[in-house]
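Here the structure is laid out as structure tokens; the discussion comes afterwards.
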Amino acid sequence: MLEISELTAAYGDLRVLWDVSLSVRTGTSTIVLGRNGAGKTSLLNAIAGLPPAAAAGRIVFDGEDITGEAPHRRIRRGIGYVQENKQIFRQRTVEENLLIGSVTLAGWRRGTPARRAALDRAYARFPVLAERRKALAGGLSGGQQQMLAIAQALMSDPKLLILDEPSAGLAPTIVKDVFALIGELKREGLSILLVEQVVEAAITVADHIVVIDNGRVAAEGPVKQFDDASVIREIYLGRSGTPVAGA
Amino acid sequence: MTTIWSGLVIGALYSLVAIGYNTVLLASGVFNFAHGQLIMLATYASFLGSVTFHLPWPLTVLFATIAVAVVAIVEERVAIRPLLARRDIHAALITTVGASTVMSGLAEVTAGSDPKQLAIPISNDPLTILGGVIAPMDLLLIIATLAIGLGIHFWSRRSLLGIASLAVAENRDAASVRGIDTKLLGVGAFAVAGGIAGATGLLVGAHTYAIPSLGNSLALFGFVAIAIGGAGSQLGGLLGGFITGIIFALSARYIGSDYPQIVVFGVFLAVLLTRPRGIFGRAMERVV
Amino acid sequence: MSRAALTATRLRPLRPALPIVVLLAAMAAPYFGMSLYAARTVMLICGLALLVSSINIVLGYAGELAVGQVALYATGAYVAGYLGSAHGVTEILIVIPIAILVVIVIGLVTGIPGLRLGGWSLAMVTFFLVLLLPDFINVFEHFTAGTLGISVPAPTLFGSTITGTNFYFLTLLVTALWFAVFRNLVLSRHGAAFLVLKHSPVLAASLGISVFRLKLLAYLFGAIPAALAGVLYGWLQNFIAPDTFTFQLALSILAASVIGGSTSIYGAFIGAALLQITQQEFTSFNQWQLVLYGAFLILAGVFLYNGVIGAGRQLAGVLRRRGWWPTVTLPVRTEVAPPPAAEENELPGEELAVQGVSKSFGGNRALDDVSVTAKPGEVTAVIGPNGSGKTTLLNLVCGFYRPTSGTISLGSRTLAGLASYQVARAGVARTFQTPLIPKDLTTRQFVATGRYIGESAGMAASILRLPGYFRRTRADDAEAGRLLGLLGIGHVAEDPVSSLPLGTRRLVEVARCLAARPSLFLFDEVGSGLDESDLDRLADAIRMIKRAGGTVVLVEHNFPLVLKLSDTIHVLAQGRLLASGTPDEIQADPRVLEEYVGSTPSAEGPSSIDDFAEPALSQTEER
């Protein structure tokens, strides 16, 4: 599904990723762990086509090299990207937000059958959004905003869903809902690439783990290898003060 | 009432500039200083169509629409696109002033600085309406401006494309990862703004004649219109333009012919000082 | 390294030698048979260069576009004309100050509204001035004689009339004096402050600089040369009429500014000379000049923001890299690095007290009743997962937000409600999650900007290069060097600060904070993205600040770093204070682990998760 090989990326002259390789196989999920500033968001942005730009290496999606493609083309190929901080259009209504997510569907009218069907699916999955379809997105609660952000990314019917810290700033019960949803999406056949801080929750939906530190892959392997939660705790709490060795 | 009519006519001109500014601002986050010059070029294109080529008016309008839209697209390609790639919108302060200067310079070189009168398709004998006198073409200009301003306002609120452009205005990157082709939308906005300028060229030119110096003063008064109406608000720009026009006409009538621009300037400073976000709309501070 | 060396060359203050040689040559020219035509050309170039330098100050240094120089120019000329013809006042030492006073008044009236929002507002206000010029000239017909024009009697100095060669000398002298003033201001800490402002208003505010006031100051300062040019022009022509002061002239000096390079000092002469000579020598140019100016503006905006001088530097850089041009190796100033064990002098730490602070954005509550204190001589950490409200708290303390409720005080002073630059002046220094590093400054100069508000050498002292200026600048440089040495990075003092890697940038930011000798240090995610050795150096620096009695607040994600350094740790979660305590207490607190890893360590019983089972309330944190 997604194959990244030796990706190096930079904001202008400032390099933030070095030789990062990882893959997401169809129907599976990969989670990316790492401390703040380790380069996780940069990695997701580079995959979606936002800065930092790839300076070397390749990003292959669905068998096609997409390195250097404009973001909207990548989305049209079937990548859905839920950015960090519940990135939605706060000055637009819930329904308008969902419609914005549907621009990749055929046609430019807002009432095409495909678009209506996508809206209906979204409202069926997130009844709370249906209730508040005319409300300004900026006025929703944090959890609802996160749901809207995910619903918006799903409107384009992606094959791979990328999520950047969907739990950030949410209460634990809401975090559980978010991960229940991610698990459900995965069961429906969606491939998932996830950056998360709440490791234990993330592990419940993970098949594969990649640990990033200082812009490089520090460790990776199937989730089984990370069974011992102490390894992960070390990444964040750094009892030993050093990054985890390769798995 | 004649004063009010004449204020509305001048105001329509300013509203048209404000609509052009806002169209581009909303879709690409760029303030296009050269829009006044696009309108100036539209009057020349309409002059070419109506006088030089003796085209019937629908063809003149079509010709001007296409011609000015093409100029706007070229402007976007040369003066704006390279900045977007560099993520340095600030330089647009310089490049759009440059584009504006090139346009007025070319008009002066090719057509000279004398005003040129356009051929008008209908009899332009003044009408008396509501106790005031107004030329039919001017009345059409007011009506067309209202129709365009309201049309584009509702279109941008309701159509998918309009909503998409509002999304780009709110957050360019986030819009691009929702699958919106932000570059295409940017060019499209320039083309639409140019097209509107071109389409109204005949009506504008009937009032102002085709003259190179038209662009700069339109650019400034159009800016006053969006300062009053709030940048990024099509409805605000429309109203702001008419308000500016009426202030202009009233001060010309009651204070003296040297004063209207000074009075508008004073109002402009007062608005900037007391209501920097505009009297009606919320401003997009990061741009203007 | 050639690139760094090159940039360092650029940063080195331009030696005044070349301009002085040029000035002396121009002064000597009349004695070597200079034609009247040539002298006139030189005088016109001087006038244009003054106008161009007016644009450069505002555009190149304050980062705003102002194009009303033509109106100020006209004002200067009309002041000379009116005083001379109506009142017989031609004394240079009276006319020039009055002209400057008048343009400063115009500058205030237009600058205050125009700079409220910045960007296009100022450009439009100033364009408007040019458009209105004919109207104003008509309205003030009594002073200006309207479209007829007005004659300008020759100037006098202490009663004796200045004409011919003497007027030529006068023009050169006034121009030279202005450029000396301009150079001295720009190559001082005030110039550095302008560059900081242009790069980042947020950084400027956190250094205690009021963005609005500094921009206004630049704009007013820029009005002066326009007035000088106007007065000189009036005297040169002996007659002025409105048709001189056109849009076209306004655009041409803008073009000259970008051609010569808006951030250069003497580039104004290159732009002005090109403009004047092509206008005089090529008649066909006059027809096409607008098109050419416009094309130049587009090209300059797109390719060479730094004008001919900048392009020259770029070209030289390419040639050097290919080895076709000798590389200037600067003598590396050997930094007498103090031994790493050196201690910082005592810092005036004050207690920060945040009490019951809440902050809502719209309906969302990002912070809810948070109380935190930080004592001098201690390191207080605020930790929490992403979106927990850490950055919101920081922005509240710094004055970027106002609290919805609650109080914030530093020592006996209340911080809540102050503007961000006032908070900085009250003794708060901060670093940024992504270090804000301006271009065109050396590391030493950048660190010295931390002292800008502290004991600034006044603007007058800088311009006149009074002994106080040299004393201050030496003290600043020495202090910046000392601090860099203290942090173990003395060797980068002369490198362009924008060339440094991330780890060093963070240390440089710490040095910049130290330079301000603040009562409170706020470190925002100062450890993120650093490798182990950088982290160690950073930890040493923070411990040193603590030993010196500074109050340190770490807003941090790096748990190991926090555990190592802190005396007290506050944990935020979903906008609330979850726990406070010593590192050991926090490490043992199951709730904290839960927040971070989402795990409930099996042995530790039920978690207190239910305390937070309510709608999430976090708002996007702004950086």
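Glycine residues also receive a Cβ, built from the backbone N, Cα and C atoms like all the rest.
Transmembrane segment is the annotation TrEMBL gives to one range among C:157-180, C:181-204, and that range is C:157-180. Stretch with the largest number of CB pairs closer than 8 A to the transmembrane segment (C:218-236), among C:66-86, C:92-110, C:117-137, C:248-270: C:66-86.
Listed as Cβ neighbours of the transmembrane segment (C:92-110) (distance under 8 Å, sequence separation of 6 or more from its ends, same chain) are residues 68, 71-72, 75-76, 79-80, 83-84, 125-126, 129, 155-157, 162, 170, 174, 216, 219-220, 223-224, 226-228, 230-231.
Long-range neighbours of the transmembrane segment (C:38-59) within the same chain, counting only residues 6 or more positions beyond its ends whose Cβ lies under 8 Å from a Cβ of the stretch, are 26, 29-30, 65-67, 69-70, 72-73, 122, 165, 167-168, 171-172, 174-175, 178-179, 182, 218-219, 221-226, 228-229, 232-233, 236, 253-254, 256-257, 260, 262-265, 267-269, 271-273, 275-277, 280. Within the chain carrying the transmembrane segment (C:117-137), a Cβ under 8 angstroms from the stretch's Cβ atoms is held by residues 58, 64-72, 74, 78, 106, 110-111, 144, 146-147, 215, 219, 242, 245-247, 250, all 6 or more beyond its ends. In this model, the domain 'ABC transporter' (C:352-599) carries an average pLDDT of 85.
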